[in-house]
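Colleague: Below you will find the structure I want to go over with you.
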Amino acid sequence: MESYALALSPSKPFIKSTKNPFRKISNRFSAVLCCNSKKSFEKSSHIRVLSLRPTWSFNKKYSASLFEARSTWFEFKVKSDAVPAGVGETGNDNDMVKNLQLGLMFAIWYLLNIYFNIYNKQVLKVFPFPATVTAFQFGCGTVLVLLMWTLNLHPKPKIDKSQFAAIFLLALGHTIGNFLTNISLGKVAVSFTHTIKAMEPLFTVLLSALFFGERPSLWVVSSLLPIVGGVALASFTEASFNWIGFGSAMASNLTNQSRNVFSKKIMVKEEALDNINLFSIITIISFLLLMPAAILMDGVKFSPAYLRYAASQGLNVKEFCVRSLLAGFCFHTYQQVSYMILQMVSPVTHAVGNCVKRVVVIVSSIIFFQTPVSRTNSLGTAIALAGVFLYSRAKRIKPKPKLS
C-alpha cells in the first residue's frame, strides 16, 4: 500500500481585469484529467497532469484584445510522490525495541548489583580479608575478559604506550576504590556503605573546583546540601556504625571520583578503544596490581585451614567457593553492563540510573539481611538519595552566558 503526498501548483498566473466583463457571459467549464501512466489511479504512484480549461464566450462589444484569447488555459499539475508505507510505524517500532532493550539492560544491571552485594557480604562475613577477596574478584573478571577476546565475542583492543600510561592511572584508582569499598562492606551494613557512597557528587564538585577551577552553579551547590545532611543524619543513627567502615567508604568516594574527574582530562583514542575494552584492560591491570599487594597484606589465605575457618563461621567449603565465584562473576558483569549502558545513553541519564540502582541495593539488602533501621535512619538515607537525584538534574541546567 502506498500513500500519496499531493501538491497543486499553477503553471500560469491568473489575470485579473480592472473592469467587470462578465455581465452577459455564458460560461462553459470543462476539466480534463490527463494521466500518462498506463495503470489505474488506485494502483498508480504518479498522477501526471490535471488541466482545467475554462472556455469563455463574449458579446461582440466585449471583443477587445484583452478577451480575444478565448482558449486561455490554466493548468494545474498534481504532483504525487510515493511514500513508502509504514515509514512512521517502522521508526516507532525501532524506538520501542531500543527502549525495551535499554530497560532490560537496566534491569540486568540492578539485578547483578543486588546479587553481588549479597554474595560479597556473605563472603566477607566469614572470610574477613578484603584485599584477597577483591583480588579474587578482579581475577574472575580477568578470566571473563580473556574468554571474551579468545572467543571473538568482542574485538581485541589496540593501544599504544601513551594510552597505556593514561589507562594505568585509571586502573590504579579503580583498584584502590574497590578495595576500600570491600573494607567498608566487611565492617558495616551494606545499606550504610551505599548511603555513604551517595556523597560521591560532593567529591566530584570539590575536586573539579580545586584542580581545574570549575565553579559549580547555584543549583548544583543547593543539591549537595541534602546529600551531606542526609548522610550525616543516617550516620548518627546507624546501628552498625564503625569508624573503619565509615572512613573507608569516604576514602573510596575520594578515590573513585578522583579517577572519574581526571579521566575527563586524559585523552584516549575512542576509535581504537571503546568503553568495554577500556574496562577490560583496567580489570586486568587491577588484578596484576592487587594480587601481589593482597599476598603482602593478608598472606596466602586460600588454604585448607582458612577454608575450614570460613566453614566454622556459617558457610561450608562448597557454599563459600560457590558464593565467592558468583560474587566475582557479578562484580565484573554488572560493571561491564554499566559501561554498555553508558554507550547507549547520556552521562546524566546514567547518573540518574545509578541513583535508582543505589536505592534498589539499599532496600534489597535491608530486606535480605533484615538490617535494623530506625525511622530517623531511613529519613536520612532518603534525603541523601533525593539530593543525589537533584544533583543529576541540576547538572543538566546550563548557566546563561554573560552578556558583554
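Glycine is no exception: its Cβ is also placed from the backbone N, Cα and C atoms.
Residues or ranges marked as domain 'Sugar phosphate transporter' by TrEMBL: 100-392. TrEMBL lists 100-119, 131-151, 163-181, 227-255, 276-297, 378-394 with the feature transmembrane segment.
So where do these features actually land, and what's packed around them?
Modeller: Non-local neighbours of the transmembrane segment (163-181) in the same chain are 130-131, 134, 137-138, 193, 197, 248-249, 251-252, 255-256, 258-259, 262-263, 266-269, 272-273, 278, 281-282, 285-286, 289-290; each lies 6+ residues outside the stretch with a CB under 8 Å from one of its CB atoms.
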Colleague: Do any residues, 6 or more residues outside the transmembrane segment (276-297), come within under 8 Å Cβ-to-Cβ of it, and if so which ones?
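Modeller: Contacts of the transmembrane segment (276-297) (Cβ under 8 Å, skipping residues fewer than 6 from its ends): 129, 131-132, 134-135, 138-139, 141-142, 145, 148-149, 154-157, 159, 167-168, 170-172, 174-175, 178-179, 268, 332, 335-336, 339-340, 343.
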Colleague: Using Cβ atoms and a strict cutoff of less than 8 Å, what residues sit near the transmembrane segment (378-394) while being 6 or more residues removed from its termini?
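Modeller: Residues 191, 195, 198-201, 217, 219-220, 222-237, 348, 351-352, 355, 358-359, 362.
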Colleague: I'd like to know the mean pLDDT over the domain 'Sugar phosphate transporter' (100-392).
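Modeller: PLDDT averaged over the stretch: 88.
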